[in-house]
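As recorded in Swiss-Prot, the features of this protein are as follows:
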- 19, 23, 35, 38: Zn(2+) 1 binding site (BINDING)
- 109, 112, 130, 133: Zn(2+) 2 binding site (BINDING)
- 123, 125, 139, 141: Zn(2+) 3 binding site (BINDING)
- 60-76: compositional bias 'Polar residues' (COMPBIAS)
- 82-94: compositional bias 'Low complexity' (COMPBIAS)
- 49-105: region 'Disordered' (REGION)
- 13-47: zinc finger (ZN_FING)
- 103-149: zinc finger (ZN_FING)
């Protein structure tokens, strides 16, 4: 009797199911019976299609700069008491806020191709280097340090020439 209760309350071991796409790997129910690779591929394509749709919608409906007549129309709509239209215009403004473009940071030394991560040194020539190649002499920098310094000094200290004195 006791064993019957344990059998009914415990989970029966089920055989692992193969991936639905038929790649040969085992799928899991949490991934819609797909293996991890197929699931990751499907998610990536879904994200790409969603971003493509958003880009198409954005190109079809470009954001126009606000001008005075449009602002006056929004004010008149707000005065008329249509709270739903004023809230919808606010929601549209927050969605139209420009996104910051992703920064492309160099994570490898230009000379030895070593990963530098956060500890990379940025040279005035515009490249990132590791601790060994951070000095201009070690990475054969083509940046003209002397020329830039001369220009900075000349700009900071303008030459003052006195007028010539007329002889009597």
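Backbone N, Cα and C define each Cβ position, glycine as well.
Bear in mind that the values here come from a model prediction, so they are computed numbers and not experimental data.
Here the features listed in Swiss-Prot are placed on the structure.
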residue	record	DSSP (3 states)
19	Zn(2+) 1 binding site	coil
35	Zn(2+) 1 binding site	coil
109	Zn(2+) 2 binding site	coil
125	Zn(2+) 3 binding site	coil
130	Zn(2+) 2 binding site	coil
139	Zn(2+) 3 binding site	coil
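Here the C-alpha separation of residue 109 (Zn(2+) 2 binding site) and residue 38 (Zn(2+) 1 binding site) works out to 35 Å. Relative to residue 133 (Zn(2+) 2 binding site), the binding-site residues 19, 23, 35, 38, 125 all have Cα atoms farther than 10 Å away. Take the Cα of residue 123 (Zn(2+) 3 binding site) and measure to each of the binding-site residues 23, 35, 38, 112, 130: the nearest one is 130. Counting only same-chain residues at least 6 apart in sequence, those with a Cβ under 8 Å from the Cβ of residue 130 (Zn(2+) 2 binding site) are 109, 111, 112, 114, 116, 119, 120, 121.
A separation of roughly 49 Å, to the nearest angstrom, links the Cα atoms of residue 23 (Zn(2+) 1 binding site) and residue 139 (Zn(2+) 3 binding site). For residue 141 (Zn(2+) 3 binding site), the spatially nearest entry among the binding-site residues 19, 35, 38 is 38, judged by CA separation.
In this structure, the C-alpha atom of residue 35 (Zn(2+) 1 binding site) lies 47 angstrom from that of residue 139 (Zn(2+) 3 binding site). Residues of the zinc finger (13-47) grouped by DSSP class, helix first, strand second and coil last, total 15 helix, 4 strand, 16 coil.
Each of 108, 110, 111, 113, 114, 116, 129, 131, 132, 134, 139 belongs to the same chain as 109, 112, 130, 133, is absent from that list, and has a C-beta within 8 angstroms of the C-beta centroid marking the Zn(2+) 2 site. Taken together, the residues of the zinc finger (13-47) have an average pLDDT of 86.
Between the CA atoms of residue 38 (Zn(2+) 1 binding site) and residue 125 (Zn(2+) 3 binding site) there is a gap of 44 Å.
Note: residue 139 (Zn(2+) 3 binding site) has non-local neighbours 110, 111, 123, 127, 129, 133, i.e. same-chain residues 6+ apart with C-beta under 8 A of its own C-beta. Across the structure, residue 125 (Zn(2+) 3 binding site) and residue 19 (Zn(2+) 1 binding site) are spaced 52 Å apart at their Cα atoms.
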